[in-house]
Amino acid sequence: MSVLVAKGIRKTYGSLEVLKGVDLSVGAGETFAIIGPNGAGKTTLFKVLTGEVSAQGGSVSFDGKDVTRLPAFVRARMGFGRTFQVARVFGELSIFTNVVLAIEARKVNGGESCGRWWDWRPSADTSDEARSLLESVGLGRQGDEEAGLLSHGDKKRLEFAVTLAGKPRILMLDEPTAGMSAADRKSTTNLLRDLKAKGITIIMTEHDMDVIFDLADRLMVLNYGAVVSQGDPVTVREDEMVKQVYLGKGVGHA
Amino acid sequence: MNGSSFMRPAVILLFVAALAAAPFAVNQGLLFLIGIAMLQAMFALSWNLMFRYAGLASFGHAMFYGIGGYAVAAIIFHGFPLPFLLAILLSTAIGAVVAFVVALIVLQRAAGIQLAVLTLALSQLVLLFVSYTDFLGRDDGLSGLARPVLDFGFFTLDLRSPTAFYYFIMVAFALVTAGLLWFVSGRFGRVLLAVRIDSERAAFLGVDVRRKRIFVFTLAGAIASFAGALAAPWAQIISTDSMSWFNSAQPMLATLLGGAGSYWGPVIGAFGLILVNYFTRTFVGLSEFMVGGILLFVVLLAPSGIAGFFEMLRRMRNRTRTASAREHNQ
């Protein structure tokens with residue numbers, strides 16, 4: 001069954017048509033990757049799916065419900081989790097508070113209690129959950145540090161923890177390994193594989209072909225706002241058109 | 001635990017003790033100014049609530065201070081048979097409702113400089129409206145406001161006594177300051193900080209950013225109105241000055257001077273400004289010169305204000321302490 005379905009997405013910025021009627025359908029538990037050269041419209045498509053920008057045409061539905069007109073925060077409450085190309089964390093706050101925030105937001109939106117109303121500190125369950133989430137992304141020891149002082153890779157990890165704290169049903173990852181060292185890339189890939197095993201649906205854009213062929217069940221190639229090819233990674237890799245526009249002559253790296 | 005965890009409560013306790021002792025230590029003129037300083041501090045706290053916790057810089061915040069003041073003044077001046085405490089509550093509620101409506105309209109889109117200009121324009125509009133309203137005394141405002149006697153049935157509190165009114169303001173100031181501190185330290189304060197730092201990211205946690213901003217704007221408007229509602233009978237006069245752009249600048253100057261990054265910054269700044277005004281009162285124009293000079297000094301040398309300056313000192317001391325401890329261990 002399809003969790004996320006988009007039909008005929010069109011988006012223009014002024015006279016520039018960025019998306020020219022894109023269709024996609026992602027099944028429950030599937031890992032779906034969107035690739036394409038710079039300027040192909042990946043990030044715009046992403047933003048349309050998450051609700052950050054509205055499209056001029058087409059529809060998006062999640063779990064059979066039409067969400068085309070719903071703003072991002074409502075979609076987030078429905079189970080969209082998102083990370084950004086350049087990790088966005090709340091830099092002035094501690095690492096721990098970043099995660100606490102996300103847990104508390106989830107609890108409030110789900111109608112759960114966040115502990116005693118008069119107590120300004122996070123409740124014991126919230127703190128425990130935050131600590132174990134940080135542990136799971138390898139930031140367990142640094143909780144009190146200011147999030148803004150983290151390295152790029154660690155910010156990405158923290159953003160993951162923050163996103164996972166929302167217990168998303170679908171993860172939208174915009175280049176999850178961009179700018180990472182090889183070791184960080186490896187650990188992120190492992191983390192994603194674990195999430196995938198837990199049955200979380202993942203949609204991602206990515207430049208690193210190793211990561212994609214490692215994780216993706218299905219692949220969509222976008223060029224100039226149109227779908228060039230779609231299918232399982234092996235088939236797509238052999239597609240002549242794709243080789244031309246994106247992969248280059250038989251090289252596995254973009 | 002380092003030494004500064006005891007420092008802050010100690011400083012606050014000293015501050016409260018000094019405020020409480022003031023009626024026995026200073027003359028009436030200075031007592032009046034300290035009362036005004038507490039009201040300005042509340043006003044500045046409410047402005048920084050918006051600025052620090054929702055990222056909204058209003059340039060017309062005095063609108064609400066004035067609305068609260070005029071509401072109470074009109075009730076007293078025209079002799080409406082309303083108990084004083086209810087009059088204060090009503091004025092605060094009027095301020096809150098106006099702030100809510102303004103927020104609904106203004107926060108539809110505007111943020112940043114647009115919000116600043118829009119709020120400034122709106123406040124000037126309200127000022128113009130007041131200055132043409134006979135009921136509110138037109139340009140002259142309402143003066144000769146009688147201070148009330150609070151009748152609680154089994155005892156009365158005579159606010160005609162400056163000392164009694166002073167303590168009344170002090171209690172209000174303590175309640176508002178403690179209440180706000182509790183509010184911003186909790187779950188709600190955390191969410192608001194997130195909204196200010198990165199509203200788009202906050203939306204992806206499922207936070208309704210616009211609603212949070214409207215709430216904060218309303219709360220800030222209510223607190224400013226409350227401060228204004230106490231200021232009118234304290235000064236026994238209200239005029240359009242209370243909602244002028246000059247008064248709108250006061251909480252901003254206080255916040256800048258004291259430090260926007262700290263909860264206590266606006267309080268420190270508001271008292272600082274009043275002190276400067278007091279000590280330069282005999283020299284015409286010197287106060288503006290001093291305030292300007294001090295602000296220049298603060299902005300250039302301690303951009304995070306007085307509170308930020310102390311925080312920096314504390315961090316530096318802690319760093320040298322950990323460094324020397326490390327050396328000691330080796």
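Each residue's number is its place along the chain shown, starting with 1.
Placed from the backbone N, Cα and C atoms, the Cβ positions cover glycine too.
Pulled from TrEMBL, these are the features on record:
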TRANSMEM  B:31-50  transmembrane segment
TRANSMEM  B:62-80  transmembrane segment
TRANSMEM  B:86-106  transmembrane segment
TRANSMEM  B:113-132  transmembrane segment
TRANSMEM  B:164-184  transmembrane segment
TRANSMEM  B:214-235  transmembrane segment
TRANSMEM  B:255-279  transmembrane segment
TRANSMEM  B:291-310  transmembrane segment
Long-range CB partners for the transmembrane segment (B:62-80) (under 8 A, at least six residues beyond its ends), listed in sequence order, are 43, 46, 87-88, 90-92, 94-95, 98-99, 119, 122-123, 126-127, 130, 135-137, 141-142, 144-146, 148, 220-222, 224-233, 238, 240, 242-248, 250
Cβ contacts under 8 Å made by the transmembrane segment (B:31-50) with residues that lie 6+ beyond its boundaries
19, 22-23, 56-58, 61, 64-65, 162-163, 165-166, 169-170, 172-173, 176-177, 180, 184, 216-217, 219-224, 226-228, 230-231, 234-235, 250-252, 254-255, 258, 260, 265-267, 269-271, 273-274, 277-278
Short question: which residues 6 or more past the ends of the transmembrane segment (B:291-310) have a Cβ under 8 Å from it?
253, 255-262, 264-265, 268-269, 272-273, 276-277
Outside the transmembrane segment (B:164-184), at least 6 residues beyond either end, the same-chain residues with a Cβ under 8 Å of its Cβ set are 16, 19-20, 22-23, 31, 34-35, 38-39, 41-42, 45, 49, 53, 147, 157-158, 192, 223, 226, 230, 233-234, 263, 267
Remote residues contacting the transmembrane segment (B:86-106) - C-beta distance under 8 A, at least 6 residues beyond either end
63-64, 67-69, 71-72, 75-76, 80, 115, 118-119, 122, 213-214, 217-222, 224-226, 228-230
